[in-house]
Amino acid sequence: MGTQGKVITCKAAIAWKTDSPLCIEEIEVSPPKAHEVRIKVIATCVCPTDINATNPKKKALFPVVLGHECAGIVESVGPGVTNFKPGDKVIPFFAPQCKKCKLCLSPLTNLCGKLRNFKYPTIDQELMEDRTSRFTSKERSIYHFMGVSSFSQYTVVSEANLARVDDEANLERVCLIGCGFTSGYGAAINTAKVTPGSACAVFGLGCVGLSAVIGCKIAGASRIIAIDINSEKFPKAKALGATDCLNPRDLDKPVQDVITELTGGGVDFSLDCAGTAQTLKAAVDCTVVGWGSCTVVGAKVDEMNISTVDMILGRSVKGTFFGGWKSVDSVPNLVTDYKNKKFDLDLLVTHALPFDKINDAIDLMNQGKSIRTILTF
C-alpha cells in the first residue's frame, strides 16, 4: 500500500473529556514501530467498557481514542513483525499473548506478562510499549485505549494483541470475537466448565451474557435461567438457548430464592455478567450447596463480600479474563467455528450504522435498545 511508512490522516471519534459525546475529528496515525502493526479498521462495536471509561470515577487519561472490539485489514507492519503482512484480515484484542513469558507458557492461565507494562490491564494500555502514542490531533498527543483504540479508521497495535484470521471471514460479524462474544462464551466453556445436563444461571443479558447463554447451551446444560432487569431481552435469550427468564423487578422475593426453588436447591453453575454488588451476591447465593460454582465475568464494583460459610459448604467463586482463551492461539479457531456454524453471532447484532453515527450507537446501548451495533467506515 502507498501509505506504508507514512503518517495517515483519517477519521476518528475522540473523547476529549469525561461524560461528553465523542467528537468525530481528523487524526494523524503514525507508522508502526518495532513489533507493531497498523490496521485499517473495517468494523467496530460499542461496548459498555468503552463508555464506562469516560466516567470521572475511572480517572482515565484524556484525550483518548476509545474502542476495543473490531476487525480489520493490515495496512503495514513495523520492524521485526513476521506473522503479519499487508492485506491480512485480523482481529485485535485487549488480552495480549506474547508466547514467551511465564504466564503465557503456563496452561493454567490465559494472562500475559505484557499486562504488567500497564497500570491496569483491562482499562488503560493507554500508550504503546515505548510509552508514546501513535495518535495526534490538533497538534496534541492522543491516548490509546486497551491496546486497541478501534474508534479510528486506522490504529496501531502490538503484534501480541493481534490474530490473523480466515481470509473469507465476515469482518462485520467476527469483530464481536474481539471481546464481547469471546468473554461470555469462554466463561461458560473454559472457566465455569459447564457440564452436560447441568443447571445454569446467567445474570445480565448484554452481549457478554447472551454469549454465556450460547456457551451453556453448547456445553449441554439442560436448564439455563437468564436474568435481567430488561424483559425485552428475553426473546433473544430464549432464541439462544435460555429455558427460563426472570426479571428481578417482577418478583416478590429475591431472585436467588426463586432460582433455588425452581431448581430444587440451586444451580450447578452461575455466571455473573452484570457485575453489580446485587448480582454478585445473587449469583453466589443461587448456586447449590456442595459444588455450586459462580464465575464472575463482569465487575462494576471493586470489592465483593463472600461468606466463608459458603466456601466451607463447597461453593466456589472464580473470575475470568477474556473467557479464559489464550488470545492469539484461540481467536482464529473461534472464527473458524463461526464459519462452520458452531454458533451464530447474528442474533447478537441488533443495529448497523455508519461510523459517523457512533454517538447514536452509544445512546442505543445506554437506553437498553441494542446488544451490539456494528459501525463501519
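Every residue, even glycine, has its Cβ placed from backbone N, Cα and C.
According to Swiss-Prot, the features are:
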BINDING   C47, H68, C179  Zn(2+) 1 binding site
BINDING   48-49, 204-209, D228, K233, 297-299, 320-322, R372  NAD(+) binding site
BINDING   C98, C101, C104, C112  Zn(2+) 2 binding site
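Feature annotations (Swiss-Prot) mapped to structure.
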residue: C47; record: Zn(2+) 1 binding site; DSSP (3 states): coil
residue: H68; record: Zn(2+) 1 binding site; DSSP (3 states): coil
residue: C98; record: Zn(2+) 2 binding site; DSSP (3 states): coil
residue: C112; record: Zn(2+) 2 binding site; DSSP (3 states): coil
residue: C179; record: Zn(2+) 1 binding site; DSSP (3 states): coil
residue: L205; record: NAD(+) binding site; DSSP (3 states): coil
residue: A299; record: NAD(+) binding site; DSSP (3 states): coil
residue: F322; record: NAD(+) binding site; DSSP (3 states): helix
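Over all protein chains present, the Cβ of C101 (Zn(2+) 2 binding site) has 17 other Cβ atoms lying within 10 Å. Within 10 Å of the C-beta atom of H68 (Zn(2+) 1 binding site) sit 28 other C-beta atoms, taking all shown protein chains into account. Residues near A299 (NAD(+) binding site) in space but far in sequence (CB under 8 A, at least 6 apart, same chain), listed by position: G275, L280, G319. Apart from C98, C101, C104, C112, the Zn(2+) 2 site neighbourhood in this chain, defined by C-beta within 8 angstroms of the site C-beta centre, holds P96, Q97, K99, K100, K102, L103, L105, L111, G113, K114, A160. Within 8 Å of the centroid defined by the CB atoms of C47, H68, C179, the record's Zn(2+) 1 site, lie the Cβ atoms of C45, T49, D50, G67, E69, F94, M146, V148, S150, G178, G180, excluding the listed residues themselves. The shortest Cα-Cα distance from C98 (Zn(2+) 2 binding site) to any of the binding-site residues (P48, C179, L205, F322) is found for F322. Sparsest Cβ environment among the binding-site residues C104, C112, C179, L205 (other Cβ atoms counted within 10 Å): C104.
Nearest to C112 (Zn(2+) 2 binding site) in space, judged by Cα atoms and limited to the binding-site residues C47, H68, L205, V208, F322, is F322. Note: the CA-CA distance between C179 (Zn(2+) 1 binding site) and P48 (NAD(+) binding site) rounds to 11 Å. Rounded to a whole value, the Cα-Cα separation of P48 (NAD(+) binding site) and H68 (Zn(2+) 1 binding site) is 11 Å.
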